[in-house]
Amino acid sequence: GEITNFIKVWLTAYASLSYCYFSAKVLPKGGAARLAAFLPVVCLFLLLPLQLHSVHLIGTTGFFLAWLSTFKLLLFAFDKGPLSTPLISLPRFIAVASLPIVLQQKSKSQGKLNQKSFLNYAIKAVLFALIIKTYDYEDRIHRRIIVVLYCFHIYLCLEIMLAVAAAAARWLLSAELEPQFNEPYLSTSLQDFWGRRWNLMVTRMLRPTVYFPVLDWSTGIVGRDWAQLPAVMSTFVVSGMMHELIFYYFGRVRPTWEITWFFVLHGACVVVEIAVKKAVGCRWRLPRFVGTAMTAGFVFSTGMWLFFPQFLRCKADERGLAEIAAAGAFVKDVVRAMVNS
């Protein structure tokens, strides 16, 4: 039943995106008419994840449709963003709109990058499998260690999931795709972590939808030099609200706003970091290993304080592990049946 609902949800999404594609052909570019035509689809995408109950399917659908697709459609309504590419075909339009991908031109170094990525993802897949196996001994491991494992679990799950989506689009569209992560565990600062390494698809969506409009607006108030600060803060607040929405899909309970405060705190710290860099310039800089250790420690500690309590409260961890166990048992039964036959 859940798989059937999942298929129905995505078929509905594809039909809605086809409507947007053909509507844009006859409506003026960058105007209220396009926005009015797309708003029903935006509202529909916000409701579609509520048709699902599986943690993994909700997370995927909520992230892809309710967040990324709605932002892309809002940009497209004003003839901006990745969907506004001239002469884009319907299959490519649907893929770019519904998946966390951005098409790019193939470079000479791309083949080497793909070879490196294959080994990189193979190692991460093994680590992810080891973490899943570790959960079998959860009753013998301290709870805080389990929460740390959840941090790695979420990162590895996201990176593998987005890599699979990108590989599927590469195979179907014969196009090279921009990376989704850039080794976030090597970040030397919070600005480096959020702006250049963690979930780059979200960063690429938040910049034109939130950051740049607020930057332009605040320039006339505080000047160009300091306009970056309210723009950064606004971006983190919107990111927090969207994460609250995803967590609501998981638990269907009234939000307690820890997730929003997590991003507000990180936004405030990034603002301070930018201000300090402006003040001292290049005259003083932390050693790389110190910056990396401090960044990782801050992300982990604040995550366990504000991010994971709501995640655990809706029992997303228990439900997700139960789904993985059920999927593993199904695969074992299939393999056993094939061997016996």
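The backbone N, Cα and C atoms fix where each Cβ goes, and this holds for glycine too.
The domain 'Wax synthase' feature in TrEMBL is assigned to 178-264. According to TrEMBL, the transmembrane segment annotation covers 31-50, 56-78, 147-173, 259-276, 288-308.
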- Item | Summary of DSSP states over the domain 'Wax synthase' (178-264), given as helix, strand and coil counts | 65 helix, 0 strand, 22 coil
- Note on the structure: Sequence-distant contacts of the transmembrane segment (147-173), meaning Cβ under 8 Å and at least 6 residues beyond its ends, amount to 60, 64, 91-92, 95, 99-101, 103, 117, 121, 124-125, 127-128, 131-132, 134-135, 180-181, 184, 199, 201, 300, 303-304, 308, 311-312, 317
- Item | Same-chain residues at least 6 beyond the ends of the transmembrane segment (288-308) whose Cβ lies under 8 Å from its Cβ atoms | 144, 147-148, 150-151, 185-190, 192-193, 258-259, 261-262, 265-266, 269
